[in-house]
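What follows is a single structure, written as structure tokens, with notes after it.
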Amino acid sequence: MEAAGDDDDHIAFDMGLTAEELAECGLTLDDLRDHDDDDEKTTKRRRDPGRAPADADVSDNNEDGLMQELRDLGYSGSDIDEADADAHDDDHISDVQLDHDDGEPADVDVAEVEAEAAAEVEAEAAAEVEAEAAAEVEADAVADEVPAGDEEPQPTVNPTLEERKVSIQKEIGDLKTKAVMLNRQNKKADALTLMARIKRLQATYDTLSGPASTPNVSAPPAGDTDSRQELAQAVNSRLTEYTTEALKLKRAGNVDAARKLMPAVNALRQFKQQIDSGQTVSVKVAELPPSLAGSTGPSAPAESKEKASSGTDAASERAAAFEALADQLKTQVARTYNEAKEALKLDRKDEARAIMAVKTRTERDLQSLATLRASGAPPPTLATVPRQLSYLRSFNHIGSNQLELEIRKAEGLSPPSGWNMCTSFVSYEFSYPKDVIQRGVTPTVADSDDPMYNFKKLLSFPRPKRAGRMFNFVKITFSVQVPRRLQILFKPIQLGYAEVKLGDLLNKSEIVATLPLKGGGRGKLFVALRLRVPLEGQDLATKLVEDVFIRGSAPSSLSSPTSESRIPQPVAVERAKAQAQPRPAAQIPRQTPSPASKPAPPDTVGSCPSGIDENDWKDPHRIASICSNDVLEWILERTTTEIGTRRAKKQEVPPALLERYQAVSLQKEKLEQSVEDGSLTLPAYLERLKVDIARLSALQTALRNAGRTKDADFVQARLNIEQKEFDTANSNV
């Protein structure tokens, strides 16, 4: 008997029903065994179709028994009939009649019933997928809120209580209809399975409805159904908004903003759990966290909308501000790296070191920016620091043995007597090399006192092997002229002339000049001369660049690199610094003193030998005695270097060194001016060099005989420079 009892329990378990549940349904275990036997027989008939079934007659009581079981579950016959009729109407199954005499259905469309069942299964699967996707969105949004090892169950976007109850009722009705159809098809075992499922759904519905037998769950107060449903909808809507926004911020890298939304997510989750469990919720819709979409419900105040909108906008603006600052600093890191490489190519190591300091400071600011962003601080402000950057200037469209001449315009021309407006052109003449004259004219511009010529011409310009200083005397002459009406018979009227010398092309690739017109006329002529590269060395130009740093982090030393912290210098000094070829100063012995060396004290110079100027004997470094342009440039370059070195080491520059710099600059300007105004010609300059060479030769011999080795070495260096300059100029004359 005990064994039989175990088998009975097993059979009941297989059907999903206990013995007590079968008793409530009006069924017994014998009924289940009969259906089990019927299934076995059916299986045998399918395996052996030629065998006649022993129990081929099906009793008419099958349908009646199932109807009775459904009534025992609490469903009336009218409910079943209505469900049956609804199923036929909805599914468009026409006129399915039950023959009570033989228990067989009349013309049942089985394919349509199966299609309906498949559609319901697909709908249920789609609902489960949507719920699972919503749960994943919320889980990703709050992943950073809960520490590892202490995870909380993540909220899912579930339907409200009323929606769930309506869904269960609909499913129970659908299952009742299916049970009737299965009974008509003599599938009593499947119908019993559906009955067990209906019983479980009914139990769930009773639990959600708050039956009177459960005193722990309080039903919602009467008259508060509408407000409770409205609150449930608002809670679900806000929970979806906040979890979606938190996930969006986290994926954008703004973890701090996502964390700030988590208190609202937790509060909404708690409200949802209370509503789903049927508990009384004291919160109102207006007291919920504001809607992030800008709509907080019908009873939410306007200021809640403004707060929600402003909060979202502030977080987005903060993230965008940090991204813009990071991009700006990253661009500066790449730019300064390339600038440092170019500075090293130009052999400007001090400037390259200063640029690398800017790059290092920028990389540290990037790290500080990341720290500020992670801490939730507001975006910092940037300070702009200007910096001078050296670059190599060249004109690649000009050939190696060409000179580009550009005559741009003239201003303030005075028309000849009897003319209301000027109609003018410009002629030019260039004598280089020897016995080669290149001439040309610009197009004529009519009726303008400020004509725009915009004329360019490539002239032949063979580059000499040794340029020397002869180019201080090579020039191009320009003449502004007005054509006569009878050009064949009369020459043009000259309004004025001007000239430009090519000396600056030794160390520069471009000369831009504004030339006052001479010869009685008034006005100015604007011209430019260009070479591909300078005749000697490199053409280093400077431009202003701006570096940015987080305010308060940029050291003052970065704003003015040591390579640029120098006193203003004339153009000639910049040319001297830019020379790449070794200067004659390289021939000076290593013990040669600085040009700023002080003369020997009066009590140690001794008596002045005969034939030596007493001023030169007392002070061989006297600036007034220097007549060579190359010597002045050499002294100016060395003095500038010494001043820059002291400034780089943050040492005080002696006043005597600054006075010497100014004196050398003034002496050089006087020499250049005498060449410009024509008072010093090339033959006169060469004669002056010849006399000075003889004087320096005698002076250095006397100083060496007197034991003044340092002074003798300095005079010897001057002598070598002047001798080389004299020889170069003579070879090109």
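Glycine is no exception: its Cβ is also placed from the backbone N, Cα and C atoms.
In TrEMBL, the feature region 'Disordered' is placed on 127-161, out of the ranges 127-161, 512-546, 652-686, 687-721. For the domain 'C2' (381-515), residue counts in helix, strand and coil come to 7 helix, 67 strand, 61 coil, using DSSP. In the predicted model, residues of the domain 'C2' (381-515) average a pLDDT of 86.
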